[in-house]
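Here the structure is laid out as C-alpha cells; the discussion comes afterwards.
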C-alpha cells in the first residue's frame, strides 16, 4: 500500500507563500509613499528680506510711514514662513503650492476645497430650515399659525462672520489681487501671488491705487503727499499725506449766516457749508400776521390763519392758509371741467359748470372698479360689486361687496411690541398695534410706578422731584426722586454737634457721623508715666464694634453695632538720649524703650596683662569712662605671645606678661660636627640675641664641638690635626707626616715628609741593579708565555682527534638473536573472580552513601 498523503503540509506552504507576497507588496507601497510624501517641513525657507524689498520697491517709503506699514508687514512676514498660515476649517497648515481662498474683509486664508464645502453646507442648512418654516400649522388651541418669513440664502466667513451671497461662493483659485487664476508657486515671490502690481483702490478712497506687488492682507495707507491748503483756504498750503489733505486750521469761519444777523463761530470748514444758526430771534410768519421767537435756522413758518383776501374779481376770497405774496387770479376764471373731467369750458367766475351727462367712470376708492353713474357732483358712491374677499389675517374667505371690509372673529395670539401682552385683536393682519396699557412697574426710586405705555427693557428714571435738607436744616436741595440717600447736600455752615473728645473739631455741616479728630492728643502720657506729652492722633473717641448680648439681642436690631471708646495712651515714642551699659555710644531711643542696654560692640578695655583688651560684648561696668579692666571684664587667660629670639621654636611657659621673657632654658641634644658624640646645650646659649653675628657663629661652633680630634682627612690623605669642627678642615698645607716613595721596579724606597711629596717628589730613579733585574724578569715572562702556548696547541690537537673519531664511518655490528616466547592462554575464571570482588565493593560503597543521605 502507498503511504497516505499529508494534506496539511501543502496548505501551510501556500499560506506562507501568500503572506510573503502580500508582505512584499506592502513594503513596495510604503516605499512609494515615502518617496512621494511631501511634508510642510520639507519646504525650503524663502528669502524674506529679498521678497519684502521687492514688494516695497514701488512704494514711496519714508521714515514717518514706518508705523503705518506694520499691519501689512505682519501679514507678509507670516505668509513667508513655511506652515505659518492655518486653515480654520480643517486646522491644517496651508502650503505654498495649495489652492486657497482669501476673505476680502478679514484677509484670512482657507483651503479652496474647505471653503467650498463650508459655503455649500451653510446654504444647505438655511434651505432646509426655510422649507420647514414655509409651512403653517395649527396649534393645540386649533388656531392657525402662518409660516414665517423666508430668509435670504447666504453664507458667512468662518473668521469674521461676514455674510456673502450665493453667487459669491468661491469657485476658482485666484491670486490676491484677482488678476491671475491658478498662480504658480515661485520661490522669489510671496506665496499665492502673481507678482504684478496690486492696483487696488486705497482706503479711505483718495483716488490713488496700491503700488505694492500682489500681496495678502490690507493695503498700506497712501504714501503720496499733496501740497494743499486748509478747508477754509485761509492758511498757507503745506505738504501733507494724501489721506489727510482735508485738514483744518484753528481759525474761526466768521462768515455771515443766512439769518443775516449772526456770524459763523465754527472752526475751519469748506466755504458755503456753514451750519444752521442755533440762535433765536423774533420772526414773523409768511403772511406777517403773527410773530414769535424761533431759531434763526428756521426762517420760514406758517400760521394757521386763512388768507381771506379778495381775488381780482372782488367776488371770491382766497382760501389758502398763510402764504406770502399775491393771491393770484380767481381759480374759477381759469379753464374748468365738468365733475367727471371729460369736458372743459372757459367762462366767467360767476357761472357754474354743469354735468356733461356722460358716465362718470372715475376710479372708486377700492381702486379696482369705476363709477357707473352719470357725471355728477360730489364724491362717488361706494363700490357694490360682489367679490370674494379674504379677511385681514388671511384665514377665512367670503363673498362681500367690494367696499365692505371683511373681518373674522379669530383673535391674534402674537405678542405686541412690549413682548409681554398678547395682541388679542380680531382678524389681525400681523401688524399688531403698539401696546396701549400702562407699564405700572415700580420705579427705581421705590415710591412711584411707571406711568409710561407698556415697553421693553428697563423703565425710565422717576421724573418727580423731592426736597432734601442738610443735617442742620439751613441748606435745601431739590433732587430727582430716589436719590435722596445718595445725593450730597453741601452746607457751608459749621457743624453744631459737640465734639466727643477734648479738642474743638472744626468742620462743616455733614450728613453722617462727624469725622474723627485728626489733632494730636496733647495730654500727659499716664501709661508710661514718663512726663512727656502724647503726640499721637487723638484717641479719646474711637469708633469700635460693640459686642452684642446674645440673651437680649433682637432679630430686628442690626447685627453690627458701634460705640465710641476712649483708648489708653500708646507707648511714648519721644526720642531720648540713652548711653549703653558699657559707655561706648550715646543714641536716640524711644522713651518706652529708653532702658540702657548693650550696644553689641566689643568692650575693648585694657586688661591687666597690658597686651590684650577685653573681648566680651558690651557689658555693665562700674565706671563708664574708665577704659581699664574692671570687675566684670574677662581676665586674660592667654599664654605669652612675645616673639622669641630668631631660631628659637619654644614658647614662653609664663602666662601673658610684659616683655622681656626669661631666657629659654630648654636643653637641646644633638650630635657634634663629626657625628660621633652627642652634645647637650641650652637654647638660650645657642640663640643669643645679645652677641654679634661673628661672636654668635663662634659660640654655636664651640657648643656643637665635642673637643676630640677631627676624624676627617686632609686632601693629602692624612688625618686632620684640629678639634671637632664644621666645614672643611683648616690648614691642609701644614701637614708634615712621613710617607714612602719607590722606584718603578719597587726595589728602591725612601721616607720623606708630606710637604716634599706635595712639591713634586713622588718616585725614585732606578739604578744598574734595577736594570738587570728587569731583564731577568722579562726573560722569565717570555719563557712562561711559550710554555702556555704549547699547552694550548696540545689541547687543540686532542679535541680534533676526538671530533674525527666521533663523526667518521662506523664498523658493522653483529646481529643479536631474539627469543620469542609463546603466548599463554587467558584464565577467564580468575578474571571473573576479580570482577565479582570489584562489583561487591562498589555496591557496598553505594549503599553506605545512600544511607548517609
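Backbone N, Cα and C atoms are what each Cβ position is placed from, and that goes for glycine too.
Annotated coiled coil per TrEMBL: 774-801, in sequence order. Mean pLDDT for the coiled coil (774-801) in this predicted model: 87.
The domain 'NF-X1-type' annotation in TrEMBL covers 206-224 (among others).
Look at the domain 'NF-X1-type' (259-279): DSSP puts its residues at 0 helix, 2 strand, 19 coil. Residues or ranges marked as domain 'NF-X1-type' by TrEMBL: 259-279 (among others).
Taken from TrEMBL, the feature domain 'NF-X1-type' applies to 313-332 (among others).
DSSP places the residues of the domain 'NF-X1-type' (366-385) in helix, strand and coil in these numbers: 0 helix, 2 strand, 18 coil. The domain 'NF-X1-type' annotation in TrEMBL covers 366-385 (among others).
Feature annotation from TrEMBL assigns domain 'NF-X1-type' to 418-437 (among others). For the domain 'NF-X1-type' (418-437), the number of residues in each DSSP class (helix H, G, I; strand E, B; coil) is 0 helix, 2 strand, 18 coil.
If you look up TrEMBL, you'll see 445-464 (among others) marked as domain 'NF-X1-type'. Within its own chain, the domain 'NF-X1-type' (445-464) is flanked in space by residues 416-421, 434-439, 480-483, which lie at least six positions past its ends and keep a Cβ under 8 Å from the stretch.
Same-chain neighbours of the domain 'NF-X1-type' (501-519): 470-472, 474-475, 488-489, 491-495, 537-538, 540-543, counting only residues six or more beyond its ends whose CB sits under 8 Å from a CB of the stretch. What TrEMBL records for 501-519 (among others) is domain 'NF-X1-type'.
The domain 'NF-X1-type' feature in TrEMBL is assigned to 530-548 (among others).
Under the heading domain 'NF-X1-type', TrEMBL lists 609-638 (among others). Long-range contacts of the domain 'NF-X1-type' (609-638) within the same chain, counting only residues at least 6 positions beyond its ends with a Cβ under 8 Å from a Cβ of the stretch, are 579-584, 598-603, 655-658.
Summarising the annotation, TrEMBL assigns domain 'NF-X1-type' to 648-666 (among others). A Cβ distance under 8 Å defines the sequence-distant neighbours of the domain 'NF-X1-type' (648-666), meaning residues of its chain 6+ beyond its ends; these are 609-612, 636-642, 682-684, 687.
What TrEMBL records for 716-737 (among others) is domain 'NF-X1-type'. Same-chain residues lying 6 or more positions outside the domain 'NF-X1-type' (716-737) and placing a CB less than 8 Å from one of its CB atoms are 672-674, 677, 701, 704-710, 753-755, 757-758.
According to TrEMBL, the feature transmembrane segment maps to 831-850.
Only residues 6 or more beyond the boundaries of the domain 'NF-X1-type' (366-385), in the same chain, are considered here, and those with a CB under 8 A from a CB of the stretch are 338-340, 342, 355-360, 401-403. When the domain 'NF-X1-type' (313-332) is classified with DSSP, helix, strand and coil residues number 2 helix, 2 strand, 16 coil. Long-range contacts of the domain 'NF-X1-type' (313-332) within the same chain, counting only residues at least 6 positions beyond its ends with a Cβ under 8 Å from a Cβ of the stretch, are 285-287, 289, 302-307, 349-350.
Mapped onto DSSP helix, strand and coil, the domain 'NF-X1-type' (530-548) counts 0 helix, 7 strand, 12 coil.
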